[in-house]
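Visitor: Below are the features listed in Swiss-Prot for this protein:
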{"type": "SIGNAL", "residues": "1-43", "note": "signal peptide"}
{"type": "TOPO_DOM", "residues": "44-312", "note": "topological domain 'Lumenal'"}
{"type": "DOMAIN", "residues": "48-273", "note": "domain 'L-type lectin-like'"}
{"type": "BINDING", "residues": "Ser92, Asp127, Tyr160, Pro161, Asn162, His187, Gly257, Asp258, Leu259", "note": "carbohydrate binding site"}
{"type": "BINDING", "residues": "Asp158, Tyr160, Asn162, Asp190", "note": "Ca(2+) binding site"}
{"type": "CARBOHYD", "residues": "Asn180", "note": "N-linked glycosylation site"}
{"type": "DISULFID", "residues": "Cys199-Cys236", "note": "disulfide bond"}
{"type": "TRANSMEM", "residues": "313-335", "note": "transmembrane segment"}
{"type": "TOPO_DOM", "residues": "336-347", "note": "topological domain 'Cytoplasmic'"}
Amino acid sequence: MAAASRPSWWQRWRRRAWARDGAKLLLFLLLLGSGPGPRHVRAGQAVEYLKREHSLSKPYQGVGTSSSSLWNLMGNAMVMTQYIRLTPDMQSKQGALWNRVPCFLKDWELQVHFKIHGQGKKNLHGDGLAIWYTKDRMQPGPVFGNMDKFVGLGVFVDTYPNEEKQHERVFPYISAMVNNGSLSYDHERDGRPTELGGCTAIVRNIRYDTFLVIRYVKRHLTIMMDIDGKHEWRDCIEMPGVRLPRGYYFGTSSITGDLSDNHDVISLKLFELTGVRTPEEEKLHRDVFLPSVDNLKLPEMTVPPTPLSGLALFLIVFFSLVFSVFAIVIGIILYNKWQDQSRKRFY
């Protein structure tokens with residue numbers, strides 16, 4: 001059997017070139033398939049779709065200037081090339097960014113890329129920013145630049161401790177609150193009486209990108225963060241039984257007082273999560289019309305007793321006097337009988 005002829009250098013070079021080109025083509029196809037289309041989340045349990053009508057990223061075309069933009073600016077918020085600045089590092093400023101389109105998704109995930117930085121030293125900066133999913137939009141107020149007694153969900157990145165008992169928690173601090181419109185945010189206690197939970201998050205003046213994710217699936221609220229450059233989500237808040245109506249608006253806001261910071265939003269990306277509900281769960285989880293949390297009693301939710309009317313007060317006093325007189329008469333009768341029996345014993 002004749003020996004096989006060895007390939008020439010040209011044939012060997014062509015084979016190596018084809019191998020390189022094939023690897024490049026495979027890499028190109030993989031990159032092409034990693035765009036904003038659907039992708040599986042958490043071991044294939046759900047598929048998420050980017051919803052552009054509720055998302056915002058660079059270059060922020062038309063934001064704050066075009067009537068056709070999906071986002072509105074409020075207050076001192078400004079559009080820059082690399083971010084949207086809610087407030088500059090100046091005293092007594094407030095700004096907000098609100099989506100114009102109400103969200104009717106059942107299960108969703110909001111990823112927020114933000115940055116908080118400034119010249120202030122330790123405990124001489126503030127106040128932080130908030131991320132909202134609420135019934136009302138574009139309503140300036142004292143709660144991180146938004147209205148008090150809001151209806152919906154608020155997630156707060158609080159950078160300044162107002163309460164004196166600072167040793168109980170380390171700031172900056174992330175917390176969440178669900179409100180039905182009847183609760184006030186307690187600034188003096190950093191929102192502690194009404195918070196669902198929280199965690200420390202060192203997000204100010206750090207060199208890493210800071211991300212926050214709010215995930216709402218089957219009435220289960222999860223808040224996670226990626227703030228240390230490891231590209232891994234860390235749990236912050238986990239709360240089942242959260243009931244949020246559909247048709248509310250996403251937004252973010254910030255406020256400064258005597259202390260200040262730059263509060264920047266780089267991107268907001270909302271994903272619809274599908275494939276997470278069974279047909280039975282679809283029937284069970286009907287729409288709700290007022291935000292609430294199952295089995296959670298908040299101090300401010302207790303209804304104060306209604307004051308008594310004049311007639312009710314009169315009746316209470318009248319019957320109390322009648323009962324007192326009746327008790328005294330009965331007592332006198334019993335006492336007289338006891339005295340009579342005592343005399344009979346002696347005679």
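Glycine is no exception: its Cβ is also placed from the backbone N, Cα and C atoms.
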Visitor: Just checking: which of Asp158, Asn180, Asp190, Cys199, Cys236 have a Cα that is within 10 Å of the Cα of Ser92 (carbohydrate binding site), counting only these recorded positions?
Guide: none
Visitor: Check the Cα-Cα distances from Tyr160 (carbohydrate binding site) to the recorded positions Asn180, Asp190, Cys199, Cys236 and tell me which is shortest.
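Guide: Of all the candidates listed, Asp190 is nearest in space.
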Visitor: In three-state terms from DSSP, label Tyr160 (carbohydrate binding site) for me.
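Guide: Reduced to three states, the DSSP call for Tyr160 (carbohydrate binding site) is coil.
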Visitor: If you measure Asp190 (Ca(2+) binding site) to Asn162 (carbohydrate binding site) at Cα, how many Å is it?
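Guide: Cα to Cα, Asp190 (Ca(2+) binding site) and Asn162 (carbohydrate binding site) are separated by 6 Å.
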Visitor: Sorry to bug you, but what's the C-alpha spacing from the residue listed as 'N-linked glycosylation site' to Cys236 (disulfide bond), rounded to the closest Å?
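Guide: Cys236 (disulfide bond) and the residue listed as 'N-linked glycosylation site' have their Cα atoms 23 Å apart.
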Visitor: Mean pLDDT across the domain 'L-type lectin-like' (48-273), rounded to an integer, is what?
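Guide: Per the prediction, mean pLDDT sits at 95 for the domain 'L-type lectin-like' (48-273).
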Visitor: Translate the DSSP assignment of Asp190 (Ca(2+) binding site) into the three-state scheme.
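Guide: Note: Asp190 (Ca(2+) binding site) is coil by DSSP, not helix or strand.
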Visitor: Within 10 Å of the Cβ of Leu259 (carbohydrate binding site), how many other Cβ atoms can you find? Include all protein chains, please.
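Guide: There are 16 of them.
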Visitor: What whole-number Å value do you get for the CA-CA distance of Asp158 (Ca(2+) binding site) and Cys199 (disulfide bond)?
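Guide: Counting only the Cα atoms, the answer is 11 Å.
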Visitor: Around the recorded Ca(2+) site, report the further residues of that chain (criterion: Cβ within 8 Å of the mean position of the Cβ atoms of Asp158, Tyr160, Asn162, Asp190; site residues excluded), sequence-ordered.
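Guide: Apart from Asp158, Tyr160, Asn162, Asp190, the close residues are Gly126, Asp127, Gly128, Thr159, Pro161, Glu163, Phe171, Tyr173, His187, Gly191.
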Visitor: Let's check the environment of Tyr160 (carbohydrate binding site): how many other CB atoms sit within 10 Å of its CB?
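Guide: The answer is 20 other Cβ atoms.
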Visitor: Could you check which of the binding-site residues Asn162, Gly257, Leu259 is the closest Cα neighbour of Cys199 (disulfide bond)?
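Guide: Answer for the nearest of the binding-site residues: Asn162.
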Visitor: Neighbour count, 10 Å Cβ-Cβ cut-off, for Gly257 (carbohydrate binding site): what number do you get?
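Guide: Cβ-Cβ neighbours of Gly257 (carbohydrate binding site) within 10 Å number 13.
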Visitor: Can you tell me whether DSSP puts Cys199 (disulfide bond) in helix, strand or coil?
Guide: strand
Visitor: Over the residue list Ser92, Asp127, Tyr160, Pro161, Asn162, His187, Gly257, Asp258, Leu259, recorded for carbohydrate, what is the maximum interresidue Cα distance in Å?
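Guide: Pairwise Cα check on Ser92, Asp127, Tyr160, Pro161, Asn162, His187, Gly257, Asp258, Leu259 gives a maximum of 18 Å.
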